[in-house]
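What TrEMBL records for this protein:
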type	residues	note
SIGNAL	1-22	signal peptide
DOMAIN	31-306	domain 'CN hydrolase'
ACT_SITE	Glu80	active site, proton acceptor
ACT_SITE	Lys179	active site, proton donor
ACT_SITE	Cys211	active site, nucleophile
TRANSMEM	498-518	transmembrane segment
Amino acid sequence: MVTSSFPTFVAVFALITLQVGTQDSFMAAVYEHAVILPNRTKTPVSQEDALNLMNKNIDILERAIKKAAEQGARIIVTPEDALYGWEFTRETVFPYLEDIPDPQVNWIPCQDSHRFGHTPVQARLSCLAKNNSIYVLANLGDKKPCNSRHSTCPPNGYFQYNTNVVYNPEGKLVARYHKYHLYAEPQFDVPEKPELVTFNTTFGRFGIFTCFDIFFYDPAVILVKDFHVDTILFPTAWTNVLPLLTAIEFHSAWAMGMGVNLLAANIHHVSLNMTGSGIYAPNGPKVYHYDMKTESGKLLLSEVDSHHLPSPAPTAVNWSAYATTIKPFPVQKSTFRGFISRDGFNFTELFENAGNLTVCQKELCCHLSYRMLQKEENEVYVLGAFTGLHGRRRREYWQVCTMLKCKTTDLTTCGRPVETASTRFEMFSLSGTFGTKYVFPEVLLTEIHLSPGKFEVLKDGRLVNKNGSSGPILTVSLFGRWYTKDSFHSSSGTSNSAITYLLIFILIMIIALQNIVLV
């Protein structure tokens, strides 16, 4: 394997050659799945019982895959943990695992299911892709034998990985990704390095990562910045956390902030606040789903642009340009401290129907200009600023500017989850003196709705509304991630396609040299 320090110009050069004849758009699908969970047990079930449960879930996924293909979808993403759920120990998950080979082995499990041992799940998923002529991403568990020569080999003699696989329309395994940033997953191991997994199609270039990976630089940002993918495939088992981290809110913001498509498939499990899937483009959501009322899955489809290397490249947003050049608005004497989750924000109240406010925390100052259509007497809004290491574990460095509705008129409730609002804004403009260029714009409306087409980010870093008022607002936020200030730094990732780039580059050079000799 070659590390991600492989020269970017080679990757771009090879990418250009691979994209000749690429289609401008494609139909994409994601499926939010109400997973059938196993009974809780402290002892492992039999492999037969594990397979029976997984097949019940695949039966449901099969119907979604067939329906997506019938409606013209070229690719479908299914959720993380969709085959068996998440409540396991290392021992109890083991019957659900299969040995998943490197895609370079050139394997169609549907035609040769025993080549790598007992792989009935991979064979069935491969056949679903082949029989419906569609790319299928699924999430399952991989097991890799190890021994005492591996200093970190677990006691049971296997590494166990949370894994995404992709099969092409011929049923061939074309991608495998081991999740790196695990979140409360004692059943799985962390890979030695983050993997940078991409694959090419006639309708674009795709990258893959899973759930909690989206918060980190490696692999998520590197796939976009250095490997120039058009679309991210993103299976997740996401628990919604208001006011800043509902699935539809943050995932659509990440797609906008990074300038790529994001196909996000979430688990549907209402009692754990799991819902929220979507097909998100750089200019906003194409389609999304959020449902806390039913226990049903949902198939989403949308036509998506293939965003190739534009020429000339669009001008990047300078997230601090406006905020660092204006004279700060008067800082309110009534600034107070409050909390969103465990993070201490500095807040100031929006007392008037319209105004200009600034609130600061350390080096971050957040500026807001606003005008309400009518201020509801029983609703309080505040402007908040936070910069620092986030949460209980204090690992990720956040910079956040947010205007949000408080739960009640009691200011101590500001930052607590709230789902409904009545106040409409005729105008808002939010900006901040961010120290990072990775900022994700969020607008969340009452009853957990997005606001497609109703806001935009200006090149100077202002998040502003457009086309007049939208629905009643819960939050308007600029969510920044300052990766270099995280309390840990992951190793450079490994790329499954870097070798391909190198071979293509060498081939092109050989052809060029042959032409020179002939001349």
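Using N, Cα and C of the backbone, Cβ positions are placed for all residues, glycine too.
All annotation found in TrEMBL is predicted automatically rather than curated by experts.
Recorded residues the residue listed as 'active site, proton acceptor' and Lys179 (active site, proton donor) have their alpha carbons 10 Å apart, per Cα-Cα distance. For the pair Cys211 (active site, nucleophile) and the residue listed as 'active site, proton donor', the C-alpha distance works out to 8 angstrom. Taking all protein chains in view, 25 other C-beta atoms sit within 10 angstroms of the C-beta of the residue listed as 'active site, nucleophile'. The number of other Cβ atoms within 10 Å of the Cβ belonging to Glu80 (active site, proton acceptor), over all protein chains shown, comes to 26. Mean pLDDT of the predicted structure over the domain 'CN hydrolase' (31-306): 98. DSSP classifies Cys211 (active site, nucleophile) as helix under the three-state reduction.
For Lys179 (active site, proton donor), applying a Cβ distance below 8 Å and a minimum sequence separation of six or more within one chain yields Glu80, Tyr161, Asn162, Thr163, Asn164, Phe188, Pro191, Phe209, Thr210, Cys211, Phe212, Asp213.
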